[in-house]
Amino acid sequence: MSIITMVWLMKVFVFVTLLSLVFVITESAPESALITKLPGFEGTFPSKHYSGYVTIDKEHGKNLWYYFIESEKNPSKDPVVLWLNGGPGCSSMDGFVYEHGPFNFELPKKNNSLPLLHLNPYSWSKVSNIIYLDSPVGVGFSYSNNKSDYITGDIKTAVDSHAFLLKWFQMFPEFQSNPFFISGESYAGVYVPTLASEVVIGNKNGVKPALNFKGYLVGNGVADPKFDGNAFVPFAHGMGLISDELFENVTKACKGNFYEIEGLECEEQYTKVNDDTNQLNIYNILEPCYHGTSLSAFDIRSLPSSLLQLGKTEKRLPIRKRMFGRAWPVRAPVHPGIVPSWSQLLADVTVPCIDDRVATAWLNDPEIRKAIHTKEESEIGRWELCSGKLSFYHDAGSMIDFHRNLTLSGYRALIYSGDHDMCVPFTGSEAWTKSLGYKVIDEWRAWISNDQVAGYTQGYANNLTFLTIKGAGHTVPEYKPREALDFYSRFLEGSKI
């Protein structure tokens, strides 16, 4: 080979290399979505933050809003995790503010001041890239110019979220090869497996970009009407909240069926169970309740508008209060049809045990909304923890077959439960995971965090793990942040929990 030829080849190599570098630089996260500062936080973010809208239907002006945090560890290699709060209708910024986001929020010392933000040592962004998505449209900062889009359900939500993911990974192509997981809690027990199934079908059908989907996590999630409905009474008895005598009476009167309360004697005994547990915090029976003083004009404005309208159930108020929760309903949503919201259930009664003042104040501040690239309040309204805009239909049925199909297809699943949650008790999740009939490959045992027993776990064939977190409530990382980060990290790594 002549020297001239070698020089020419070298020039071609350099040109191609430079061109590829330019391609990598240009085909990356949109700089317009970068968050450079947040009022209330002093210092430097430990990793990059992005937020903004993804339009999934231009004709309708249908836009889903996200907040994305790169991993503080190794963003180019660490998994990408989508986080979904439940409801249906609750913003995933609930998880950002109160559970596993990058900041801890300190209440301001002065009225009308913004909360102070401190770095959260147990943020899930320590070990993963994480997307907080307001879904479905009409929730949080997500909106549509066509109000008919606020009439939706399980299947449409899964289709829309899949459309979001495809466009998001096109906007952030550098993460397309990273392992991808879907996670969520409460009614996201429906969102997660239905969306996961959409992703799997899309990949099989050659939809691009292909998502490197590996598995999913569900925390205290609804799954099936019978298993969820029958979980409460055994939980209350096991926790010592009702007497042996009452447990025997209600079991006999209802013939062990607490999913459908039938007959006067069954209803009377079941009401006694509710009377004994009615004053407890349903999200964590060890915690006190936050009680609103009254529905003053200010209180009404601070609550989701959905709380001010509905109430269509024949169940007595104590039963209604137990059935439905912050990331809400337990039994009602697993029946086919419209899912009632808090306002439908409680009428003029305040939501029990919930204090969302920090998130509401922070996310409705004009400077914060500007910093995180949301539409102004004058355009899309106030941010609400749980939206009243939706007419939401449960149309996906039981989640049991979704879980079976996903795990038999080789996808990893972690079903975790705070063991003091009375909203979606661990007894139901334990029962339905067992009902799949998979071989036990890791016998029931304690799992350890910080040299202490953090809960119990049982592993099954086909990549399924059931896990409890000792002392945690409905929103596990809110109560046990260190332990939550531990099991989350181990699961993503594929390590034994």
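Including glycine, each Cβ sits where the backbone N, Cα and C put it.
Remember, predicted model here, so these are calculated numbers, not experimental data.
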**Recorded disulfide counterpart of C90 (Swiss-Prot; options C353, C386)** = C386
**Complete:** From C266, C289, the residue that Swiss-Prot pairs with C254 through a disulfide is C266
**Prompt:** Compared by Cα position, which of the recorded positions S186, C266, N405, N463 is the closest one to D421 (active site)?
**Reply:** S186
**Message:** Rank aside, I only need the closest one: which of the recorded positions N111, C254, C266, C289 has its C-alpha nearest to that of C90 (disulfide bond)?
**Reply:** C289
**Asked** Between N405 (N-linked glycosylation site) and N463 (N-linked glycosylation site), what is the CA-CA distance rounded to a whole number of Å?
**Response** 12
**Fill in**
Per the 10 Å Cα distance test against N249 (N-linked glycosylation site), the recorded positions S186, C266, C386, H474 reduce to C266
**Message:** According to DSSP, does C386 (disulfide bond) sit in a helix, a strand, or coil?
**Reply:** strand
**Message:** If I take the Cα of C254 (disulfide bond) as reference, which of the recorded positions S186, C289, N463 has the closest Cα?
**Reply:** S186
**Fill in**
Out of the glycosylation sites N146, N463, the residue with the smallest number of other Cβ atoms within 10 Å is N146
**Asked** Where C386 (disulfide bond) and S186 (active site) are concerned, what is their Cα separation in Å, rounded?
**Response** 13
